[in-house]
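To start, the structure itself, in structure tokens.
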Amino acid sequence: MDRAVSQVALENDEREAKNTWRLIFRIAILFLTVVTLAISVASLLYSMGASTPSDLVGIPTRISRAEEKITSTLGSNQDVVDRIYKQVALESPLALLNTETTIMNAITSLSYQINGAANNSGWGAPIHDPDYIGGIGKELIVDDASDVTSFYPSAFQEHLNFIPAPTTGSGCTRIPSFDMSATHYCYTHNVILSGCRDHLHSHQYLALGVLRTSATGRVFFSTLRSINLDDTQNRKSCSVSATPLGCDMLCSKATETEEEDYNSAVPTRMVHGRLGFDGQYHEKDLDVTTLFGDWVANYPGVGGGSFIDSRVWFSVYGGLKPNTPSDTVQEGKYVIYKRYNDTCPDEQDYQIRMAKSSYKPGRFGGKRIQQAILSIKVSTSLGEDPVLTVPPNTVTLMGAEGRILTVGTSHFLYQRGSSYFSPALLYPMTVSNKTATLHSPYTFNAFTRPGSIPCQASARCPNSCVTGVYTDPYPLIFYRNHTLRGVFGTMLDGEQARLNPASAVFDSTSRSRITRVSSSSIKAAYTTSTCFKVVKTNKTYCLSIAEISNTLFGEFRIVPLLVEILKDDGVREARSG
């Protein structure tokens, strides 16, 4: 029995010894594992340079900085992508479209000329320098945000004078008309040898030219063809337009004073003429007895015409024969336009009565003075398919001199402020089926003209008068949706007298800093303005052709005043020049 007990005790001792060695082994393994792990962590921290806990605190900051760098890089890349998109999707197609338009205009002009050459009617293909491609007849400044009057004219720039001046003290050059297409420009004025008041004898100067850039980068107007119509005809109130066949001109032929003409019983003789690219001039009488059968006097608007849809469009005005269909359809019609923030205090009924009377001023025997638009098909045959549009007097004021303008895809009629309303007016015009429709006008309250009382520059109430002066505005600044924002022009900055010509940019209520021709006492008269861009330099220029007093050689000298349009912020009414 003792032996059995000893055997059991021995087995227990062996089992206990095994458990002890197992524990020692496990502890050793665990110790080695911990040591190995500690060495590995130490090595890793050493290799990362993060040997202290304070280094770990900076890790989030470093991550944030890295994130900012990545975001900035992505943002820069996005800017590049945006610029590429703008260039590819917007600017390049627009540039191509402008180039295409100019090429198509040139091709159209050439096709007309080829047909003309086949009919022995001349040959030639003038075109502006490439620097101007896409910069003529376009929306030159498209800006939704800037103050319109932050754009302003520079001082007048010296350039080549393309307009002949009087050469004697009794000479007189007056009534300039100008129009410029994508390929060439046209200019005309009246020449009187014995003083500006001679209404029976005159010549008509007519010229065709192109825009050039000099070797030093200066703009100049280069006359290629010109003619002085020195014959027995007395052309008056001529309007000119640049068309694919040259320079089309509409004139009346006067044999009496304006007052005598309005008191006559028959319409005024009118001719459609053309200076071709070959330098030859031809003209044809219009059938005024049919075209102006209800009129006793009819004159072109003096301002330039416009080539639209294969036709040339001119502003015309004159007197209607009483009780004819054209006269009776306007009976009782009127429109009242109001000054900005300066309401007429007269009773409404009185205003309406005076507005109605304004269309029949006493100076012209009580005839209704009517606005109209004449379009003529442009072909090798002059005077082809003339169509007269007479707009309702619920839109237009008393008939007056005017101009048809095309800028981009928009058409406008400027109407001289011969009636009571002093601020410049531009009527939007739509064209369809050879006729035109006028819409409510843009008005430019600070772009006034001098006039006799009660229709002076500050006048605000309807009245009957024949006054004012021709000073057209040119559409310069547009919204991106093609709505007109601002114009450029040269106004006569006087209340009653034709004094102080001053150029500026105008919005509907105010004007920019101005550039004066000279002191406030200088005498002036008609001004007509046109703007364009030198695409190569992205500089915008405006040309104002102005009648300026010139007492030594003739009563007036017609001067082409050239300015660059500059940009400033918050500057108004500064004096320059």
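Note that Cβ sites are derived from N, Cα and C of the backbone, with glycine treated the same way.
According to DSSP, Cys172 (disulfide bond) sits within a strand segment. For Cys172 (disulfide bond), the same-chain residues lying six or more positions away in sequence with a CB closer than 8 A to its CB are Pro166, Val191, Ile192, Leu193, Gly195, Cys196, Asp198, Gly554, Glu555, Phe556. Swiss-Prot lists Cys172-Cys196 (among others) with the feature disulfide bond, giving similarity to another entry as the kind of evidence.
Positions annotated as disulfide bond by Swiss-Prot, on the basis of similarity to another entry: Cys186-Cys247 (among others). Cβ environment of Cys247 (disulfide bond): Cys186, Thr188, Leu206, Ala207, Leu208, Val240, Ser241, Arg274, Leu275 lie under 8 Å away, each six or more residues apart in the same chain.
If you look up Swiss-Prot, you'll see Cys238-Cys251 (among others) marked as disulfide bond. Listed in sequence order, the residues of the same chain lying 6 or more apart from Cys238 (disulfide bond) and placing their CB within less than 8 Å of its CB are Ile175, Ser177, Thr188, Asn190, Gln204, Met249, Leu250, Cys251, Pro300, Val302.
Just so you know, the Cβ of Cys344 (disulfide bond) picks up 18 other Cβ atoms within 10 Å once every protein chain is counted. The annotation disulfide bond is assigned in Swiss-Prot to Cys344-Cys461 (among others).
When secondary structure is read from DSSP and collapsed to three states, Cys465 (disulfide bond) falls in the coil class. Sequence-distant contacts (6 or more apart, same chain, Cβ under 8 Å) of Cys465 (disulfide bond) comprise Ser358, Pro361, Ser418, Ser419, Tyr420, Gly451, Ser452, Pro454, Cys455. Per Swiss-Prot, disulfide bond is recorded for Cys455-Cys465 (among others).
The disulfide bond annotation in Swiss-Prot covers Cys531-Cys542 (among others). Look at Cys531 (disulfide bond): DSSP puts it in a strand. Under 8 Å, Cβ to Cβ, and six or more positions away along its own chain, Cys531 (disulfide bond) finds Leu140, Tyr474, Leu476, Phe488, Thr540, Tyr541, Cys542, Leu543, Ile565.
If you look up Swiss-Prot, you'll see Asn119 (among others) marked as N-linked glycosylation site, on the strength of sequence analysis.
DSSP classifies Asn341 (N-linked glycosylation site) as coil under the three-state reduction. For Asn341 (N-linked glycosylation site), other Cβ atoms within 10 Å of its Cβ number 7. Residues or ranges marked as N-linked glycosylation site by Swiss-Prot: Asn341 (among others).
Within 10 Å of the C-beta atom of Asn433 (N-linked glycosylation site) sit 6 other C-beta atoms, taking all shown protein chains into account. In the three-state DSSP classification, Asn433 (N-linked glycosylation site) falls within coil. What Swiss-Prot lists as N-linked glycosylation site is Asn433 (among others).
Asn481 (N-linked glycosylation site) has a Cβ environment of 7 other Cβ atoms inside 10 Å. Swiss-Prot lists Asn481 (among others) with the feature N-linked glycosylation site.
Cβ neighbours within 10 Å of Asn538 (N-linked glycosylation site), excluding its own Cβ and spanning all shown chains: 8. The feature N-linked glycosylation site is assigned by Swiss-Prot to Asn538 (among others), with sequence analysis given as support.
Swiss-Prot lists 124-152 with the feature region 'Important for interaction with fusion/F protein', giving similarity to another entry as the kind of evidence.
On the 0 to 100 pLDDT scale, the model's mean across the region 'Involved in neuraminidase activity' (234-239) is 96. Annotation source Swiss-Prot lists region 'Involved in neuraminidase activity' at 234-239.
The annotation topological domain 'Intravirion' is assigned in Swiss-Prot to 1-26.
Per Swiss-Prot, topological domain 'Virion surface' is recorded for 48-577, and the stated evidence type is sequence analysis.
Here Swiss-Prot flags 27-47 as transmembrane segment.
For the region 'Involved in neuraminidase activity' (234-239), the number of residues in each DSSP class (helix H, G, I; strand E, B; coil) is 0 helix, 5 strand, 1 coil.
Cys196 (disulfide bond): 19 other CB atoms within 10 A of its CB, across all protein chains. One residue stands out among the disulfide-bonded residues Cys251, Cys461, Cys542 for having the most other Cβ atoms within 10 Å of its Cβ: Cys251. In the three-state DSSP assignment, the secondary structure recorded for Cys247 (disulfide bond) is strand.
Cβ neighbours within 10 Å of Cys186 (disulfide bond), excluding its own Cβ and spanning all shown chains: 26.
A separation of roughly 21 Å, to the nearest angstrom, links the Cα atoms of Asn481 (N-linked glycosylation site) and Asn538 (N-linked glycosylation site).
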